[in-house]
Structure formats: C-alpha cells, structure tokens
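Noted in TrEMBL for the protein shown:
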type: DOMAIN; residues: A:15-86; note: domain 'ThiC-associated'
type: BINDING; residues: A:212, A:241, A:270, A:306, A:326, A:327, A:328, A:367, A:368, A:369, A:370, A:406, A:433; note: substrate binding site
type: BINDING; residues: A:410, A:474; note: Zn(2+) binding site
type: BINDING; residues: A:554, A:557, A:562; note: [4Fe-4S] cluster binding site
C-alpha cells in the first residue's frame with residue numbers, strides 16, 4: 001500500500017550558539033540530567049552559567065539524531081523495574097484513527113512499534129508512589145533538574161514576593177515526592193513515554209511553558225510538526241501540546257511522541273470528533289474512551305479533558321460577547337445542548353480516572369468556558385466551571401491521578417490576581433496552567449505580547465505553567481518563526497515570574513548578563529541571551545565587524561555617549577580618589593600615633609572652622 | 001556654500017487602512033480636534049469607533065504634505081493672541097550647533113525660519129495660566145481630545161482599579177485646567193511650536209507613550225529621522241524625543257520640529273557635550289544655558305534635565321552591577337567628580353526655570369541614576385535621586401514651570417509598585433514618565449517585550465507616559481521596523497493600563513474588536529487592530545483568498561473546530577429552546593387561568609413524582 005513517507009524529516013540540531021549540553025550524573029540510579037552550560041570568556045572571571053535545558057539530545061553535539069528511529073528510551077527500564085506494569089498487544093490502529101485518509105495520503109506509520117505497557121492493576125502514577133512514600137527515579141531526576149547545579153553559582157539571591165508559595169532553598173528528592181503527594185506538583189510521565197526526560201509542573205518549581213503545535217484540516221504535514229516540536233523545545237518549551245485536528249492524527253502523533261524528550265499533551269476530544277465525522281452530537285462515551293486508550297498506549301503524557309463544561313453552565317455563556325472560545329468546550333456544550341443531558345465527561349469522570357491511572361496520564365482539566373474577550377473575563381460561566389474543576393480534582397486525587405487545572409484566556413490586568421486566588425482556593429493547590437492571559441483584545445498580530453504581560457503576572461502570582469501564545473493567535477496557524485517567537489516571549493514571562501517570586505536560580509542569569517554588558521563582553525552578552533542568534537544579528541546590523549565585538553560601545557549611543565564607558569571612568573576616578581583618601585588616612589594614622597605618643601604638631605582643622 | 005540637501009524626504013502618508021481622520025469642531029475657538037474613525041461594516045450594526053489620534057495631518061487623506069514647508073502653524077495665533085509674548089531675532093546659529101560639521105556634510109537648514117517668541121516677562125506656561133484660572137485654547141483642545149467623542153459610544157464601562165487616581169467620567173476644560181494647576185498633568189507646548197496639536201500627560205488622562213528617535217555619531221541621516229518621527233506618530237507615539245548625538249544636531253532638529261504635530265523632547269546636555277568636543281569635564285553652565293535657549297527658540301516642548309544627579313549621590317553607584325546607565329547621568333556624574341563639586345544643573349536650577357518659563361518648555365526631570373539591571377533596581381542611588389527630583393519639582397512649580405519626572409529602567413515585577421508609590425509620595429503627584437521598566441535582563445533582542453510587561457504594570461499603577469523600548473535596545477540604533485514594533489508594543493502596554501484603570505474610553509475598543517471576532521467580520525477585525533497591516537498579512541499567509549475574509553473560520557482551527565462557529569450554533573439552539581420554553585409557558589399560563597377559574601383538569605405532576 002503506497003503511503004506518504006515523511007520525507008525531508010530534518011530538524012534543528014547542534015548546540016545553541018555559545019552553549020553546550022552538559023549532564024549531572026546520578027550514579028545511584030544510573031542516569032544523567034541535562035543542563036545547558038553557557039560558556040563565558042575567561043575575562044569574565046566567573047564560572048560558566050548552567051541553566052535548565054528542555055531541548056533534549058538535539059542540542060548535544062555528541063548525539064546522533066535519527067527521526068525515523070526515535071530517541072533512546074532509558075526511562076522504559078525504570079518503569080519496568082517497578083514491577084507493576086505489563087506489556088500487551090494494545091489496540092489495533094483503525095482507519096478512523098487517521099481520519100479515514102485515502103491510502104495515497106496516509107502518513108507512513110512510525111517505523112518502530114513498542115508494545116504498550118499498562119498497570120497490572122490500580123494506579124502506576126507518580127502520585128500513587130509519592131503517597132506510598134516511594135521516591136521514584138523520575139522524582140530524583142526532577143530534583144536534580146530543578147536544583148540547577150546551584151552549587152556552582154556565585155551566590156544565591158532570594159529577593160522576591162512569592163504570595164505564599166513554598167519554594168525551598170534546595171530541592172531534594174523528598175521535597176519533590178512531597179509536592180507530588182500533596183497534588184501541588186505533577187510529573188507528567190506516561191509509562192509508555194520511555195523517551196521522556198522527566199520534569200515537574202508546580203508552583204514551587206521553576207515556572208514552565210508549553211508550546212502548541214499541530215496540523216489543522218487546512219494546513220501542515222508531519223515533517224512540519226516534528227520540526228516544530230524540536231524547534232519549540234530548542235528554544236525552551238517545557239512541554240508540547242499536539243493540537244492536530246486534521247487527518248493522519250494518529251500517525252503524526254506517533255512520530256512526535258517517539259521523538260520527544262518533553263511531555264506531550266493532547267486534547268483527545270479533537271480526535272474523537274474526527275472519528276464521528278465532525279458531528280459533535282454524534283460523540284459517544286465509547287468513542288471517547290477508545291480514543292483515550294489509543295493515545296495512552298502511544299505515550300501521551302497529559303490529556304486536556306473538558307469535564308467541567310456541565311449542562312447547567314452552558315446558559316451562563318448566552319450573553320457573552322464571545323460565547324465559548326475553547327474548541328473542546330464548545331464541542332461539549334453543543335453535545336450537552338443537543339442531547340439536553342449532562343456531559344458524559346462529567347458523568348464518566350471516575351471511569352476516565354481508571355484509564356488515566358493505568359498509564360499515568362496526567363489530567364489537564366480544561367477550561368472550556370474560559371473568557372475569549374476582556375468583556376467576558378471572570379464571569380459566572382468561567383467561575384462556575386472553575387468550581388467544578390476543583391471538585392473533579394478531588395475525585396482524580398482519590399484515584400491517585402495527577403492533575404493540573406487550565407485557566408484563561410483574556411483577562412484585564414486588574415482581574416488577573418482574582419483568577420489565581422480563586423484557583424488556589426477552589427482547586428486544592430493543584431498546579432494552574434494558563435493561556436496567557438491576554439490583557440487586551442485590540443492587538444491581533446501581537447498577541448504574544450498582549451498575553452506575555454498577563455502571563456508574567458499570573459506566573460508571579462503562582463501559576464505553574466504558561467501556555468504560549470504566538471503572533472498568529474486569532475489569525476492563523478503558527479509557522480516555525482511564530483513558534484520561536486512564542487517560546488522566547490514565554491521564556492521571558494516565566495523568567496520574569498521566577499525573578500519576582502524570588503526563585504533561587506533566577507537572579508544569577510540576569511546578573512551574569514548584566515555584568516557582561518557592563519564589561520563590554522559582547523560575545524558573552526549574546527551567549528547569555530535567551531536568543532543568541534537574534535541578539536548578535538541585531539548588534540551586527542549596524543556594527544558588523546569582528547572588532548566591534550571588542551568595542552567599548554555600541555551603535556545606539558556611539559563611543560562618546562556610552563554611559564557604561566563613562567561609568568568605568570567614574571569608577572576609576574572614584575578609585576583614585578579612594579586611594580588618595582587612603583594615603584591621606586595613612587598620614588592621619590601616623591599623625592594619630594604621633595599625637596598618642598604625646599607630640600602635638602597639627603592643629604585640629606575642624607575645630608578651627 | 002554647498003550643503004547636504006535632505007534628498008528623498010518621503011514620509012508615510014494616507015490613512016491607516018480601514019480608518020479615516022475626522023475632526024471634532026470647536027467653533028468658539030475656531031479649531032478642530034482630530035480623531036481616527038475606524039470604519040465598520042454595516043452588518044456590525046454599531047457606530048464606527050473613534051479613537052485618539054496622534055498621527056497628525058499625515059493620515060488625513062485631504063492633507064497636502066510638504067516636508068520642506070513644514071506643517072501649518074495654527075497654534076501660533078493662539079499664543080500671540082494672549083498678548084504676553086514678543087518676537088525677537090533670536091540666537092544666531094553657530095558652527096558648534098551642528099558639531100562643526102564640514103560644509104560638504106552640513107545638512108541644509110530648514111528652508112523657513114520663524115522669528116522666535118519669548119515671554120515679555122515672567123511665565124507664559126500652561127501652569128501659570130491654569131493657576132490664574134485661565135482656560136487656554138490648549139486646555140480646551142486637550143479636553144475635547146481626551147473626551148474622545150464618548151457621546152458616540154454604545155456604552156461607557158468603568159470597571160477597573162485605579163489605585164487612587166481621579167479619572168473623571170467626562171473631561172471638561174475646567175478639569176484640564178485644574179489638573180495642570182495642581183501639577184498633576186502637563187501640556188508640553190513650547191510657544192515656538194506652532195505646529196503642535198496639544199496633548200496632556202497626566203495620571204487622570206489616557207496613558208501616553210513616547211518614541212525615541214535620533215541619529216548617533218555612528219549612523220543615520222536627516223531623511224531617516226524625519227521619516228522615523230512621522231512613522232512613530234503614525235502608529236501612535238504621543239510624543240517623540242530626538243536623542244541625536246552626532247553632527248548636524250541643530251539642523252536635523254529644526255526639520256523634525258517644523259514637521260511634528262506632537263511634542264518634541266530633547267536632552268540638551270547631549271548637544272552641549274558635542275559643543276565642548278565630547279569632554280564632560282569641559283561642560284560649563286554658559287554652554288548649557290546657551291543650548292537651552294537655542295533649543296527653546298526652535299520650539300522643543302520638553303527638556304530632560306538631569307539635575308538630580310548630585311555629587312553626594314555618585315558614590316552610591318560605586319558597587320552597582322551596571323553603574324550609571326543614563327547617558328546624561330553619567331556625563332553629569334563625571335563632571336561632578338572631575339571638578340569635585342556640586343552639579344551646575346542643580347545649583348543653577350532656578351536660573352534654568354527662568355528660561356523654561358519664558359518659552360513654556362516642560363521639565364522632564366531625568367533619572368540619571370536609574371537602574372540599568374535587575375540587580376540595581378530600587379537601590380539607594382536611585383531613590384536618593386528621586387527624592388532630589390521631588391525637591392526640584394517644588395522649585396519648578398514655584399516658577400510656574402510644568403514638570404514630569406522620569407523613572408526606571410530595569411525593575412523586577414515585585415519592585416515596580418514601590419517605584420510608583422514612592423514617586424507619588426515624593427514628587428507631589430507630578431506625572432511619572434518611565435522607560436519600561438524591563439522586568440528581566442536576559443532577553444536582548446526582545447526588550448520591547450521584557451519592558452512592555454513592566455510598562456503595562458506601572459502604567460496601571462499610575463505612570464502617565466511610557467517611554468518605548470525597541471527590539472534593538474542594548475544592541476544598536478532602531479531602524480524603521482524597530483520603531484513601529486516599539487510603538488505598537490507600547491500602545492498595547494498603555495491600553496492594557498487604561499483598561500485596568502477603568503478609563504471610560506478603554507473598553508469600547510476591546511469590545512468592538514471582540515464583537516467583530518465573534519461575528520466573523522474579518523475586515524473589521526483588521527481595521528480595529530492596532531496594526532491592521534500585520535493582522536491582515538498574518539491572516540492571509542494561510543488563507544489569502546478574498547472569500548476567506550467572509551469565512552466563518554480561520555486556518556488555526558479550520559471550519560469543523562471553530563469554537564466561535566459552534567458557539568453560534570449553541571446560541572441558536574439555546575434560542576430555540578427558549579422559544580419552546582416560552583411556548584410551554586404560554587400553555588401553562590392558560591392552564592393557570594383555567595385553574596384560577598375553578599376548573600381542575602390537570603393533576604399536579606410534581607406531586608405525583
């Protein structure tokens with residue numbers, strides 16, 4: 001059968017300019033945890049800076065990357081070693097899984113198929129282990145990762161306002177276990193995602209960001225999507241959601257998961273809808289359940305499930321300016337209205353939990369009624385759903401399932417904190433995961449910026465993960481450049497939040513860059529930038545010569561007006577003055593000794609004035 | 001003498017796509033106040049939206065633009081009509097004014113020279129009139145402008161948190177007068193800037209933004225700078241600062257002021273330094289004073305004066321990570337140290353006030369010691385200077401001079417509000433004018449975004465004007481694209497601040513755009529966007545056909561998954577259900593009447609259950 005081979009499967013590899021991928025070894029467990037080491041010039045007279053690195057082996061100069069083979073699966077052994085899972089044949093792929101795509105348009109299946117694992121019985125979730133007092137390999141990995149080689153840092157500065165978070169000075173495996181046990185953090189880690197480099201999402205860890213990719217019925221191919229995934233994590237995406245809605249959904253997802261070192265999230269209702277020909281009313285529990293198992297077997301780490309869109313909530317949206325803007329939310333609302341009955345996601349929630357805990361798929365409880373405009377922010381529909389999400393989190397926790405809670409959306413600045421406070425109060429401190437929020441509706445084309453403002457603020461207030469927004473939001477599907485812009489913008493928001501919270505790792509990066517700036521170490525400035533390529537290109541636009549990278553000025557002010565240069569002169573002048581004062585003090589000291597010895601040569605100058 | 005003629009003096013003209021420039025007439029005064037009317041499709045079933053417009057005649061389809069003639073000068077008559085000014089010959093242009101540029105490199109002087117005006121005696125400032133109870137034409141103009149044709153709006157929504165601001169429901173000329181008299185607002189309006197469309201900067205008005213332009217010793221020409229000025233105001237810059245530091249400073253400034261409908265600000269110490277060959281120590285009061293008069297005669301509306309950099313403050317910067325990052329601040333600090341004496345700007349401040357009030361040049365008291373890194377935020381040097389600026393504001397007000405106060409800089413989110421609170425407490429509510437602040441140092445190339453986060457927040461807290469930051473900040477001189485990106489980014493920050501403050505004009509714009517979005521009026525969405533060109537280009541990247549502008553979906557989700565489309569179906573379903581319920585209620589009502597009449601046919605169904 002002729003299938004469409006994913007040709008030109010090239011992705012960006014090699015280190016970020018000025019950095020290299022390094023590892024912290026964990027000999028006891030036999031694994032190593034990656035970091036990005038930013039290389040500084042010897043004149044910096046300070047150690048290289050190690051920063052969190054979500055980019056996977058793709059930025060390791062020594063790694064061999066073969067997209068058709070997928071990444072290595074070291075975690076598979078950790079999972080099996082726990083002895084509580086079994087391999088089984090798994091569900092056979094059905095034509096509807098790929099949207100009944102004609103044979104000549106079918107994306108080739110991923111070349112390898114791993115027999116799926118599932119729990120022999122009960123829960124194989126990180127939460128179940130955590131509650132049983134077990135520190136898993138994943139928790140130890142996360143502890144090392146979040147600890148960020150802080151022993152190498154010049155100093156730890158913890159100036160900040162954390163609004164009641166409990167960020168520790170040092171992250172221990174036991175701390176990670178405790179956070180997961182309480183439900184205050186999750187480690188999205190499907191037992192079938194052996195390629196995963198485990199990470200945590202929680203208010204007391206570094207703020208994380210998610211990048212959305214995925215084809216739509218209108219555009220994109222598998223090569224584009226794998227490339228976008230690798231490109232997104234290269235620049236710092238901590239998780240990636242595959243929001244594909246077109247054909248070939250199953251096969252594209254397989255290519256993505258098998259090549260992803262970060263947790264992959266999906267919205268299973270999208271694929272379920274495709275399976276019933278796009279007719280929301282035709283959705284059934286059976287189709288949805290089958291889709292959950294299909295994706296759980298593939299290794300998807302978290303599912304957005306819009307179980308909070310209840311029938312009685314739907315009328316609350318009737319007078320909104322923008323109605324329901326969540327795709328999943330609108331699908332479920334339509335189903336509820338068409339059948340005039342309660343959502344099957346809500347009614348079957350305990351059954352969903354049974355599936356989630358058998359694979360350790362984390363719940364991302366979807367905010368199907370999030371506001372899609374400033375006018376609709378913090379309204380009755382949004383908050384009614386949030387309360388339902390709080391109830392559902394409790395049920396999930398009863399099943400030892402991991403949970404994060406999704407949040408808005410479009411919210412003006414003065415209503416952002418109320419969102420965080422209500423989420424904390426309502427959802428038992430389950431990690432909050434927000435889209436932006438956008439702080440105004442008037443700038444389509446720049447919604448990465450309208451939303452970065454809200455994202456930075458809500459991250460500061462306690463949101464654990466920020467879902468990026470690209471410049472194409474509301475206008476079209478993001479391309480590669482948009483993905484990068486979205487990721488860098490959200491790394492800014494997340495880091496600004498970490499700084500304001502007083503996270504122990506945050507300030508070191510800012511200070512290292514500022515020292516480089518003050519000392520005219522241009523190359524170090526570029527290397528320390530979130531996006532070294534762009535920083536260097538902008539500099540070189542006006543001063544392209546190699547010699548200018550050693551210059552004690554830039555084109556912004558030119559040499560005469562460079563305040564930094566003048567500052568150095570001021571410092572030199574001050575040092576000379578100090579030296580002179582010391583010399584004078586030396587004289588004074590001698591005189592003092594002379595006086596103490598009984599002599600009296602100098603008159604007391606101050607007394608004379 | 002051959003001079004360098006500003007060839008290719010072309011600027012962007014014509015309306016913003018989807019808008020037209022309209023005017024509100026003030027028959028009593030004989031002037032008209034501009035607005036941008038955003039044209040909506042008839043199907044919108046709502047009036048066109050009028051928004052604040054700083055772009056000048058350049059966006060008026062009926063205007064004839066001739067850069068070599070400059071703009072019309074209607075305000076000149078208002079100034080003369082007050083009878084308190086005199087025309088005089090003015091200072092002759094000296095070779096050092098243009099940096100002793102060789103004749104073949106001299107930019108041609110602006111073709112027209114207007115004899116400068118100055119006060120016959122005392123103060124001719126808006127503050128002096130305001131305190132005397134006089135409502136000037138400028139104040140009436142501002143009142144109409146700030147009122148924003150709100151009588152045309154669908155509704156006025158004032159949901160917000162303003163932190164103690166006093167934003168009125170309706171802006172009257174008397175309110176403007178009172179704000180100016182109190183020093184809570186300024187109308188930067190040099191009597192020699194007849195081309196000006198007056199505007200106000202104050203916490204109780206719309207938040208304003210400033211764009212910096214200017215050549216440096218390294219790059220740029222007069223054509224570029226005039227073009228950048230027009231380009232900056234086209235996209236919404238409310239004032240423009242000319243920060244030129246190279247040669248031809250005097251002549252370039254003349255070209256800019258004569259063609260600018262917005263207030264022009266400068267930093268006179270830059271030109272003064274050029275006049276003494278770039279040697280800070282060689283600066284004198286006489287050179288500086290001469291420069292103030294030179295620029296005041298040209299019509300510059302506000303001067304940044306770093307009189308708060310006092311000798312005793314300089315040592316406070318010694319242990320900073322980035323020292324002094326303000327150019328003006330570093331120049332003055334160097335002067336103070338070299339001479340080991342108090343700054344002549346501080347010592348001569350009363351004399352400076354005498355000049356400012358003779359032309360109504362507004363003080364922008366410079367924050368020469370602002371932090372240039374997260375590490376240095378809110379430190380002793382910064383706050384010592386801020387207290388000095390508060391003292392100086394009182395002295396300026398004693399001279400009836402208008403004053404705004406400049407602020408930082410680089411500040412992490414948790415330290416931003418302290419800046420605003422301290423400024424309000426220290427500076428008698430004089431308008432605050434901040435650069436960003438940048439909320440992290442780690443993203444050179446994206447500092448428009450790192451700073452938009454801080455700018456939106458501090459604007460919300462009460463800052464009256466936000467100085468833009470472009471993507472080139474710290475790396476090079478902004479080009480035309482950077483100027484636009486900076487302006488749009490700061491319009492976002494300013495509008496997000498207005499929204500959060502509950503400004504009566506803010507919500508209407510968001511709601512109009514969101515309604516257009518929900519109703520799939522694509523063309524209206526583009527027209528209502530801050531940047532219609534980019535919004536449309538992004539949409540058309542994936543769906544270029546004209547027919548797609550009528551489509552009830554975009555490429556992001558495709559037709560089947562469009563939540564907005566589904567929302568409309570939900571609304572229809574809900575309406576049908578409502579109609580059915582009403583019909584049922586009608587039956588019930590009939591039954592009620594029947595029962596009330598004594599009949600008894602129906603059993604009570606609820607009682608039976």
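Backbone N, Cα and C atoms are what each Cβ position is placed from, and that goes for glycine too.
Locations of recorded TrEMBL features on the structure.
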{"residue": "A:212", "record": "substrate binding site", "DSSP (3 states)": "strand"}
{"residue": "A:270", "record": "substrate binding site", "DSSP (3 states)": "helix"}
{"residue": "A:326", "record": "substrate binding site", "DSSP (3 states)": "coil"}
{"residue": "A:368", "record": "substrate binding site", "DSSP (3 states)": "coil"}
{"residue": "A:410", "record": "Zn(2+) binding site", "DSSP (3 states)": "strand"}
{"residue": "A:433", "record": "substrate binding site", "DSSP (3 states)": "strand"}
{"residue": "A:474", "record": "Zn(2+) binding site", "DSSP (3 states)": "coil"}
{"residue": "A:562", "record": "[4Fe-4S] cluster binding site", "DSSP (3 states)": "coil"}
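As a summary of secondary structure, the domain 'ThiC-associated' (A:15-86) carries 15 helix, 22 strand, 35 coil according to DSSP. Here the domain 'ThiC-associated' (A:15-86) has a mean pLDDT of 96 out of 100.
By the criterion of other Cβ atoms within 10 Å of the residue's own Cβ, the least surrounded of the binding-site residues A:270, A:433 is A:270. Spread of the substrate binding residues is 20 Å (greatest Cα-Cα distance among A:212, A:241, A:270, A:306, A:326, A:327, A:328, A:367, A:368, A:369, A:370, A:406, A:433). Within the set of binding-site residues A:326, A:328, A:370, A:562, the entry lying nearest in space to residue A:410 (Zn(2+) binding site) is A:370 (CA atoms).
Taking 8 Å as the upper bound (exclusive) on CB-CB distance to chain B, the binding-site residues A:326, A:368, A:370, A:474 give A:326, A:474 in sequence order.
The Cβ of residue A:326 (substrate binding site) lies under 8 Å from the Cβ of A:306, A:366, A:367, A:368, A:369, A:370, each of these being in the same chain and 6 or more residues away along the sequence. Within the same chain, the residues at least 6 positions away from residue A:328 (substrate binding site) whose Cβ sits under 8 Å from its Cβ are A:267, A:269, A:270, A:304, A:306, A:309, A:366, A:368, listed in sequence order. Distance between Cα atoms for residue A:212 (substrate binding site) and residue A:474 (Zn(2+) binding site): 14 Å, as a whole number. Between the candidate binding-site residues, A:368, A:410, A:562, the densest Cβ environment within 10 Å is the one around A:368.
Each of the binding-site residues A:370, A:474 was scored by the other Cβ atoms within 10 Å of its Cβ; the lowest score goes to A:474. Across the fold, the C-alpha of residue A:433 (substrate binding site) and the C-alpha of residue A:562 ([4Fe-4S] cluster binding site) stand 43 Å from each other. Cα-Cα distance from residue A:562 ([4Fe-4S] cluster binding site) to residue A:474 (Zn(2+) binding site): 42 Å (rounded to the nearest whole number).
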